[in-house]
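Feature annotation from TrEMBL assigns transmembrane segment to 68-86, 98-119, 146-168, 228-246, 253-272, 300-321, 333-354, 456-482, 494-513, 525-546, 567-592, 612-637. Taken from TrEMBL, the feature Na(+) binding site applies to Gly74, Val77, Asn81, Asn339, Leu468, Ser472.
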Amino acid sequence: MPKTSKVVQREQSHEHVTESVADLLAHEEPLDYKSSSLNVGAAAGKKIPQIEVPENDGRPAWNSKLQYILAQVGFSVGLGNVWRFPYLCQKNGGGAYLVPYFILLLIIGIPLFFLELAVGQKIRRGSIGVWNYVCPHLGGIGMSSLMVCGFVGLYYNVIIGWSIFYFFQSFQYPLPWSDCPIRKNGTIAIVEPECDKSSATTYFWYRQTLNTTSTIAESGGLNIKMTLSLLVAWIIVCLAVIKGIASSGKVMYFSSLFPYVVLFCFLVRGLMLKGSVDGIAHMFTPKLEKMLEPQIWREAATQVFFALGLGFGGVIAFSSYNKMDNNCHFDAVLVSFINFFTSILATLVVFAVLGFKANIMNEKCVAENGEKILGYLNANVLSHDLIPPHVNFSHLTPSDYADVYSIIKTVKEDGFAKLGLEPCVLEDELNKAVQGTGLAFIAFTEAMTHFPASPFWSVMFFFMLINLGLGSMIGTMTGITTPVLDAYKVQKELLTVGCCIVAFLCGLLFVQRSGNYFVTMFDDYSAGLPLTVVVILENVSVAWIYGTKRFMQDLEDMLGFRPSIIYFYLWKYVSPLCLIVLISATVIEMAISPPGYNAWVQDLAQERFQSYPPWALAMCFALIIVAMLPLPIVFIARHFNLMSDGSNKLSVSYRKTMMKDISNLEEQDEARFILGAKPGDTPLSGVARKPYVTPAGNKSVDPNSLSPNVCYALEMLLDINAVEVSSHTVGRARHRYSPLVHGVSATQAVK
């Protein structure tokens, strides 16, 4: 320390020292940190003087607001909007499902999405840094988010790899999955038996694409085609994110907008198909009694939760590159509603196409059963008198077949089952619930084989899936790389390439012949429960530990207006309660549902449910434990001071701004800034760590009188063995400087 400093001078003169914070900080070494008022030392409900972070603080920024919005939309709108939301609508009462979904979007989705956007934008760091600042003891939240992002990214990119394979297979006419392959047995050509028992699209998916085994225990070795597709997928992702938001932001212009072009084209084309209106009508016919079932609310809450990408860290990472005064409330509402309407649009497209497919299948059923009836008539098994005169078997319509079927069933009541006739009801075809890969790679591909110019539509569809997946993967990778880049001085390009290489090698688990079953396992266990726990801890740490009133004040300072009071009650009470109910329902569902998977049995040419073997069951629970393990580890380590609180790295720009403001103070301004307008005010009581002597030398401060929320700034002012500090000065300085020097000890400040 320079010998001219006040601290040294007063040490040599043996005078009692009442040191100012400006003096203590004037000689501080440059640190690396981002400014934040989100600390637990500020007085709740009071407007805290803050140091503004300069816009040129060296952190990358979005080129435009549109680029940022497209990035958030691309991350939140993913494959789940196309193949999960329509399935849930079909399963849970059609239009009736939209009511609980919309209600839960308002009371859970938008508030929690707004919360993540706000903390990311205010603190300007990734998920690990954000939760270290809000509540260091719960700093494991960010690490758990990173773990979940890693697990999800591993298997999510495999789905993109499958879409890439189908994309290149679509450049053929006819499409390779339009007909069953013919196998020659000597001079006789027969249809592949496995395909004949199922369907051409099902056979192509399970046998020619995945070449799947019959059990998860049977590895079957690597599937070379899927391995190459996965490699291409990771190369695309790496190129998209290698420059951070500088590259991913440009990719988002295309990957976020192109799916909407395809969806609108499919909707227009679908509405021109026969039977599409039947599918849409079936979709929006509400079964209101379903709304009384708890299951529909649980599944709606889960879908809201995952649709917005809450807890992954991608939302926080993207918003951390925003300007400090960006209106993140508007962003939260806008992106949430874009996500909702995208789900509705995708559902219209899916049910228009499925309505067309259902009509095709129903007509096929009518034709096959009509031939059976005609055979029974010719063999005198059935009497011609049973057939109404208006029925023409050469042009048998579904309504005519329904009349004939009803008559035969009534007359031949005892022997009807032996005839083997099917009812061929369109409603039954529409009620066949298909979700996930079954919808995209089986049901939709089968419908497109009946489209005119089917290769064109197939190319468009799978290119859309690639872009939907890419947008989500960019957000997932950003949720992984941003916290690491914030914490360590790592070259961005090197980190990105390294992550992609490691992820590809780990992803080889999913491109075995049994890899599809591991995708199901990771989808069921690696994200659901851990992410729900992460989000409720995010909510609790802000609303209950940091304080909702204080957070609302921070938002007012940042946005220039105070958000609606409804957010106070949603963050404080409603959202935590809903999330607790969701966690309880998830745990109960996992407990009562036997853990297992749907395996493709080659001999039967159909799926059969199988329970996980013991080692796979252990792997399922290991995924949950590993994802949530950082939460207790960080809490225990910081409770016993075994780990730094993660907040001792201040940015150079932050320090420079703080020093500039403090160094410009005059002597009288220092006293007023630190002591307040009335120097005679009663000082705040209490000093942490140990008793300190006042300038009078006879009054020590009780260390037990402090509030548990006293900030780390006290440590900076009080851990000075050589300096006696006035309790009056300390009490005032604590209030003024707690948002500025969170986590910096006094020993560091004066060395």
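Quick reminder: no glycine exception, Cβ is built from N, Cα and C everywhere.
Feature map: annotations from TrEMBL on the structure.
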residue: Gly74; record: Na(+) binding site; Cβ contacts under 8 Å, 6 or more apart: Met252, Ser255, Ser256, Leu470, Gly471, Ser472, Ile474, Gly475
residue: Val77; record: Na(+) binding site; Cβ contacts under 8 Å, 6 or more apart: Ser256, Pro259, Ile338, Asn339, Thr342, Leu468, Gly471, Ser472
residue: Asn81; record: Na(+) binding site; Cβ contacts under 8 Å, 6 or more apart: Ala307, Asn339, Thr342, Ser343, Ala346, Leu468
#### Entry: Which of Asn339, Ser472, all binding-site residues, has a Cβ with the fewest other Cβ atoms inside 10 Å
Asn339
### Summary
Note on Na(+): the CB centroid of Gly74, Val77, Asn81, Asn339, Leu468, Ser472 has further same-chain residues inside 8 Å, namely Val73, Phe75, Ser76, Gly78, Leu79, Gly80, Ser256, Pro259, Thr342, Gly471
### Task
Count the CB pairs under 8 A between the transmembrane segment (525-546) and each of 98-119, 456-482, 567-592, then give me the winner.
567-592
### Task
Run the contact check on the transmembrane segment (456-482) against the transmembrane segment (567-592): 3 or more C-beta pairs under 8 Å, excluding pairs closer than 6 in sequence.
no
### Query
Taking the transmembrane segment (228-246) as the reference, which of 98-119, 494-513, 567-592 gives the largest number of Cβ pairs under 8 angstroms?
494-513
### Query
Between 300-321, 333-354, 612-637, who has the most Cβ pairs under 8 Å to the transmembrane segment (253-272)?
333-354
#### Entry: Intrachain neighbours beyond the transmembrane segment (68-86), with Cβ under 8 angstroms and 6 or more residues off its ends
62, 159, 245, 248-249, 252-253, 255-257, 259, 283, 303, 306-309, 314-315, 318-319, 321-322, 331, 334-335, 338-339, 342-343, 346-347, 350-351, 435-437, 439-440, 465, 468-472, 474-476
### Query
Is the transmembrane segment (612-637) packed against any residues at least 6 beyond its ends, judged by a Cβ distance under 8 Å, and which are they?
137-141, 143-144, 147-148, 151, 216-217, 521-522, 524-527, 529-530, 533, 537, 595-597, 643
### Message
Suppose we draw a 10 Å sphere around the Cβ of Leu468 (Na(+) binding site). How many other Cβ atoms does it contain, all chains included?
### Response
29
### Message
Using a threshold of three or more Cβ pairs below 8 Å, and leaving out pairs closer than 6 in sequence, do the transmembrane segment (333-354) and the transmembrane segment (567-592) count as in contact?
### Response
no
### Message
Short question: most Cβ pairs under 8 Å with the transmembrane segment (98-119), which of 300-321, 333-354, 494-513?
### Response
300-321
### Query
Other than its close neighbours in sequence, what residues sit by the transmembrane segment (494-513), given a CB gap under 8 Å and a spacing of at least six beyond its ends?
150, 153-155, 157-158, 161, 210-213, 218-223, 226-227, 229-231, 234-235, 237-238, 241-242, 477, 480-481, 484-485, 519, 522
